[in-house]
Ligand code: SAM
């Protein structure tokens, strides 16, 4: 890094991992093989990338910081199964790139130590790309990992948990202390493993409507479902909403955090006439 005159850039969330034990634990968690393609977001100086290259068919890495490109090209020069893309992952359509894998038929896993300032936008960008990624094994701020993996009736449970768990089974694999990074961030991290479900967890009449109702149920967390629905559809809709909720056996006085994903499916289907 010194030879390339590299300076850490806080604005890109650059906290590099060099602990070999953690790097091999991340790779083991991803259960890679020579029959798996990998996408890495933010390779940094390539410490995780090297492990991924050794253990997978091919790695395609997206790095926003152009000053890291010559370092990566040097450190990973010996690998023929490496493709580096100098780009902001949020500004590109990944569908345009994945066809460039030498064997695009292989399952794709995303393995990355994500920049913390945009973890959620990156995850949503990946999910919304509709690419059937087999699995994500990603490091993020522990608090965000807890929110994604959270179950109903907990403080961490909310729209992010549901947006991800609808498509993926999410589990915190292990915790990583802040001290193993250079420079050390202000928070601890966690490796979150998300495995794509064969089909979404629930079947709903209208997916966009399901997400809209779910999001509006959480707008005022401390308020009841009825209050949040009234805020969304207006006071005059109250008697109709009450009728629909009761007919579907959903209590108007419940709070969103007590509703499971199947409950939200039932709720959004019950309110479909309000669309
Ligand atoms: N993988 C390396 C490691 O584990 O040491 C670096 C991880 S560091 C937490 C995050 C990396 O993501 C940095 O290399 C940063 O430059 C890169 N990055 C930040 N925002 C990005 C974006 N929008 N698109 C692609 N890469 C990004």
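Here the Cβ of each residue, glycine as well, is placed from N, Cα and C on the backbone.
A TrEMBL annotation is a machine prediction, not a hand-curated record.
As given in TrEMBL:
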- 15, 17, 42, 63, 88, 113: S-adenosyl-L-methionine binding site (BINDING)
- 22-198: domain 'Ribosomal RNA adenine methylase transferase N-terminal' (DOMAIN)
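Location within the structure of each feature annotated in TrEMBL.
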residue : record                               : CB count, 10 Å
15      : S-adenosyl-L-methionine binding site : 21
17      : S-adenosyl-L-methionine binding site : 19
42      : S-adenosyl-L-methionine binding site : 23
63      : S-adenosyl-L-methionine binding site : 25
88      : S-adenosyl-L-methionine binding site : 12
113     : S-adenosyl-L-methionine binding site : 26
Hey, what's the widest CA-to-CA gap across 15, 17, 42, 63, 88, 113, the S-adenosyl-L-methionine contacts in the record, in Å? 20
Going by DSSP, is residue 42 (S-adenosyl-L-methionine binding site) part of a helix, a strand, or coil? coil
Looking only at the domain 'Ribosomal RNA adenine methylase transferase N-terminal' (22-198), mean pLDDT returns 97
